[in-house]
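Each remark here refers to the structure printed beneath this line.
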Amino acid sequence: MSVGFIGAGQLAHALVKGFTAAGVIATQRITASSPDSELPTVSGLRKMGVNLTTSNKEVVNKSDVLFLAVKPHIIPFVLDEIGPDIEDRHLIVSCAAGVTISSIEKKLLQYRDAPKVMRCMTNTPVVVREGATVYATGTHAELEDSKLLEQLMSSVGFCTEVEEDLIDAVTGLSGSGPAYAFTALDALADGGVKMGLPRRLAVRLGAQALLGAAKMLLDSEQHPGQLKDNVCSPGGATIHALHVMESGGFRSLLINAVEASCIRTRELQYLADQERISPAAIKKTTLDKVLQQPGVTVSGVANGSGRSGLSLFNNHGSNIKKKKN
Amino acid sequence: MDPEMDSQLKIGFIGAGNMAFGIAKGILSGNVLPVNVKVSAPSSRNLGRFQELGIAVTHSNIEVVCGSDVVFVAVKPHLVPLVLNEISLHVTDRHIIVSVAAGVTLATLEELLPENSVAIRLMPNLPCLVQEGALLFARGSHAKQEDGALLRSLLHRCGLVEEGPEAWIDIHTGLSGSGVAFVYLFAEALAEGAVKMGMPSALAHSIASQTVLGAGKLLRESGKHPAQLRSEVCTPGGTTIYGLHTLEQGGLRAATMSAVESATERARELGRKSAAGSRK
């Protein structure tokens, strides 16, 4: 089995690192594409022995499982480009936040009767094989496809299937989650430094404390509230600290954060569905490089409803038939 | 505790207020016979409800002490020194003196009573009146384990009875003595929320009180951590989690912790003041 990555950024790099550490796949069987060969993640992948190319088509041809690891607004360009090259064997796994299975299937159905599409939301700790991944299955994906993806993603952490409508909430919680943790750790380290610890030690201890606590919770049947109680001796240091945290609205802040991330994900998805992202919103260098690929065109100006700007999920109709020939 | 011994035991109350009444009711639902209970108060105002239970009443504190094995001193804190001075000569080392006066320390009690007196400090709370109290007691220097056990068996129908070091009594005051009022505040606010949303007030209050009662009962009987029970009520994306989020944003947890803290601090302060006062 071969695995391909369209996009060779943080996510692709993290997944490859995790997969190879887990030994589920040899790097020679992995191909990744990127328009920018100068990216640090690209060199990182090259060093690991991954086959790199600037051609998305090459990735498609050399893979069975194809991860779409580009930014959400690039997805439609990619799908248009690789659509004609998709075969029956291909399993397309989109990792793009906010991009729905139906929008991907709609695009690919122009080229293929039954494109096998899955959508996953993972997170960066896959790089150390402690990722949190959920996936949803598309219309034409089979049970074996689910099993395959689950096998791959379980090698780099926790993986489970969900209904697609939960993926935005997952994004808010575990997708963004590592960032919440990094922020917390930075601040905890500051606290340690303020009270006299050297920075490096403070960071190490803070990280270990959170790691240990998370492990305890995962290993335990107990509610986190109970585990918290177990740490708080009466009148002791910890309960004093907790009171300070409660007074600062710690809990509601975290609830708000997860909510904000989830809502923003939905917003982005909505914007994409509206087919209304201006070219200026797409990072200029990336767009240029993408447009330099043979066979990629920007669709015309106005569509039926008179909207201008790049149309992301537009039916190119006759253009496509010409390209195929 | 030996039920036969219980039925021989003579219990006295100095003071006929709510606390005394609640405790008396609890004691009587055990094995103590009403004929073995006596209560004293300066006026007859509060004595009627005791008489209805078959309890003998008097205006003489000394009569209560002489006729009892266990004496509950249930007068207002500032009256305790007065009362103890009055009865002191009649207190023997077979008596168990149980004070329910807030802020009056064991040291103060033992100072006012004869040497070697058995003194126990008890902090009940208002729901003793309906036999659902939370009671914490601390033994004085000459109160033995058996004295504590006797008190525990007398009180067990008043509600939850626990023993602890004297230092915990102020905390218990903040948590459970005052805590009852915190719950009333919460119940009132629940009802007002419902009224705001369109429910008639009387119904809202009735439902609010039942909600508090029911939740409390479930909490006690399930043996589960409240966090666990809370999680069990919250369906994903449901009404409860939305409401809880609003409560968290309102800082309810921190405010509640602080409330217990304030009440406890105040109990400690009052304890220090009364100890200073009684040394005059």
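For all residues, glycine too, the Cβ spot is worked out from N, Cα and C.
Fair warning: this is a prediction, and the values are worked out from it, not measured in the lab.
TrEMBL has this to say about the protein:
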BINDING   B:ILE14, B:GLY15, B:ALA16, B:GLY17, B:ASN18, B:MET19, B:ALA74, B:VAL75, B:LYS76, B:PRO77  NADP(+) binding site
BINDING   B:ASN61  NADPH binding site
DOMAIN    B:10-103  domain 'Pyrroline-5-carboxylate reductase catalytic N-terminal'
DOMAIN    B:166-270  domain 'Pyrroline-5-carboxylate reductase dimerisation'
Q: Would you mind listing, in sequence order, the residues at least six apart from B:ASN18 (NADP(+) binding site) in the same chain with a Cβ closer than 8 Å to its Cβ?
A: B:LEU126, B:LEU129
**Q.** Rounded Cα-Cα span from the residue listed as 'NADPH binding site' to B:ALA74 (NADP(+) binding site), Å
**A.** 11
Q: Provide, as an integer number of angstrom, the distance between the C-alpha atoms of B:ILE14 (NADP(+) binding site) and the residue listed as 'NADPH binding site'.
A: 6
Q. Cα distance, B:LYS76 (NADP(+) binding site) to B:ASN61 (NADPH binding site), nearest Å?
A. 14
Q: Could you pull the average pLDDT for the domain 'Pyrroline-5-carboxylate reductase dimerisation' (B:166-270)?
A: 95
Q) Within 10 Å of the Cβ of B:ASN61 (NADPH binding site), how many other Cβ atoms are there? A) 24
Q: Please report the number of other Cβ atoms within 10 Å of the Cβ of B:ALA16 (NADP(+) binding site).
A: 25
Q | DSSP helix/strand/coil residue counts for the domain 'Pyrroline-5-carboxylate reductase catalytic N-terminal' (B:10-103) | A | 39 helix, 19 strand, 36 coil
Q: Take the domain 'Pyrroline-5-carboxylate reductase dimerisation' (B:166-270) and count its residues per DSSP category (helix H/G/I, strand E/B, coil), listing them in that order.
A: 89 helix, 0 strand, 16 coil
